[in-house]
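Structure first, then comments.
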């Protein structure tokens, strides 16, 4: 057994090259044991490698590489490994080889990334030996069928040739394509390279045996290429593949931005016969009047009904097909279907609201209850609770009245056709001026009903804002207009809001500043930024500054590194409100990107800024950046949740709520639980609201602590001595937990993985309830119906069932609260004589004996009852339109005997086009009527009575 390598090392000093070669071979065999000893003479081995005439110089490089590896000098080790050429065996499983390959890939990646950012002439040449090892690694991955690993390395090293080759050579091309698309959506931070990858994916998808148009369009949304999408839709219509075109249109509406959709609509309009403007489509420069609107609706209905009875061979005219596609893309169709779903499946428990109403004793909690009611009934059009409690509702005065009126907009969200009739009593009238708070709230409500889908209502709100007589109506009008014209970047709307901002009125200015951001959402408009930041630095009103702080951030939505210069200047501003705006701008620009630089900036500000509001905003903003990977958020904010600063603790709670919304994440709930007992009341408020955001739509089975939190909300609300702040949080939490009649969830991304812009905006503005309660209503923008809606070729809902392959209780609605039974009044105890007591004792003994005889019978009866209790089935059939929670989608299938086949997997959910495989007549789901005030039709006057003779007695 060798105890020293000294003898072998001494051979390196010999003159004979063969002895040196022998020594190197021996050293290679023992280097792992004697590397420390060999390291003292490593210079001799290096000299041998540098000697061009030495035959085994590659072997010298290999030994030197191993010595440096053991010394921890990985860079030198890598250099010598490259010098070893083929002697460095990439297929070896040793720790040395694995480490050097990792270093090699890191080094190669770094060089490739640096080169990618340089112009063509300045690119540095990459060491061919380095590339050779990386290529061998790629081949090894392919040989071992480790395709995901190869795709990961190919994307990191920017090798699109290998990326494409790996996908095409894999044994599961659709699976690899889906994996690659997911990587593009969630992990890629460089926009330019991501676009190149998406182009490759589009090419592969299109070259498949059966082109996958649905996923191609998802890629094209990311590439911001509406023209290509329009071309695909036209191609599908020409090929008579209408159902696929409709499915793509629904997916586009759910995932694409307003600008993108309006470009596609514009392109479709220019193809073939010209088409009348479609009601509801946003982003058109001129909006049709209400008369045209009703005309186009009528013709639309006539054309669609004309084809119901036709044979399958007769295809509709191209004009009608394009009309339908535009109706879907404008969002009108999806909004109508979601409204139908929410009205039909409304499962609100009014008992919860009644108990809360009976417990509240002050105006703040009164407002909170009104907001909670609107959340619970969001989109259901059911205002029953308000009608039943008109006297209680009338207690709302001033701004509380404004909030209460606006809450109707949340209840009737999406109920667009009758919006003006519904709100008629609350809107400004020419004849007599009503309550300004009511009128302002009414205009805000109209905006909430038409959020992100303005159409004709934009012009109505524009005129109302022009003619508004006081600051309260202007406040509501600005918010309503901002919501309806969200993301349209319409110049006339922008100019009017800017005029309102420049009036230097605090109440008007706050809403106008926010509305400017909503209208210019994500536009990165330099003029808008200049106007808003310039005015923010001039104004003395804190309210206006607060509105602009959020507005500025919204203009930079989704702009990533393009917003860095603005973020830098805002973060350096001496005004804390503008620094807070910097935090929100980071949140909006990098939302959903998981960008490390953005996270580092927020964490730094969270612990270093001198202003509490800025620190709180910085921590809250973490939730927006991390929402694609909610499991990461608890570890990032866990230390912040224990901060000595209560504002940071509040921010940590809200960050968890935003990031893990709707997931039921156990770690997040475990962090929030101790915060519900925090000594500071507003931290408790944040923890209560965040817990509801996380546990929305969760059941006892999917999230065991949900009932415990329900009881906690109730306890806080009913405790007379608890603080108003905590009560406000608990009441809002109740509303969020049961939102939309138990049929909606909160998610910041669409079903297909795109960032859902209205949700992000809604949640950001919702967090501003800290300063201004009426902004709580913005959370309604983030509510997404959890539904599967199947449609036939005529875009009607057929009667069809879906099979949920799990026990019904797993995703069931929560049991309603029981009405408490009235307690019987206790009888006053009477004096008992000793004789009576003895007599009663004897009677009891008799009864006992009889009971013993009866026991057998009762036991038998119990057994019978247990037998009757049937075991729970392992599946459940759900009727179309079905309430299907996100986790339930995985177990959803079509019944085997079903005549319909879905155009895309049911596991994605949402609106799905169904292909009918039968010739039989279809049964359709009857639409249900919306609730709310109806305009009473004039009754016909009764006929006069028959003539008669009056005889006076």
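We count from 1, first residue shown onward.
Placed from the backbone N, Cα and C atoms, the Cβ positions cover glycine too.
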Listed range which Swiss-Prot flags as region 'Disordered', given the options 199-238, 239-278, 279-318: 279-318
Per Swiss-Prot, the range holding region 'Disordered', considering 796-838, 839-881: 839-881
Neighbour count (Cβ, 10 Å) for residue 720 (N6-acetyllysine): 6
The repeat 'PC 6' (581-616) - residue tally per DSSP class, helix then strand then coil: 27 helix, 0 strand, 9 coil
Same-chain residues near the repeat 'PC 2' (441-474), Cβ under 8 Å, at least 6 residues beyond its ends: 258, 279-282, 287-290, 293, 330-332, 335, 401-410, 412-416, 419-420, 423, 426-428, 433, 480-488, 490, 492-493, 496-497, 500, 505, 507-508, 511-512, 757-758, 774, 777, 780-781
Coarse DSSP state, helix versus strand versus coil, of residue 720 (N6-acetyllysine): coil
Residue distribution over DSSP helix, strand and coil in the repeat 'PC 9' (686-726): 26 helix, 0 strand, 15 coil
Summary of DSSP states over the repeat 'PC 5' (547-580), given as helix, strand and coil counts: 26 helix, 0 strand, 8 coil
Composition by DSSP (helix, strand, coil) of residues within the repeat 'PC 1' (403-436): 17 helix, 0 strand, 17 coil
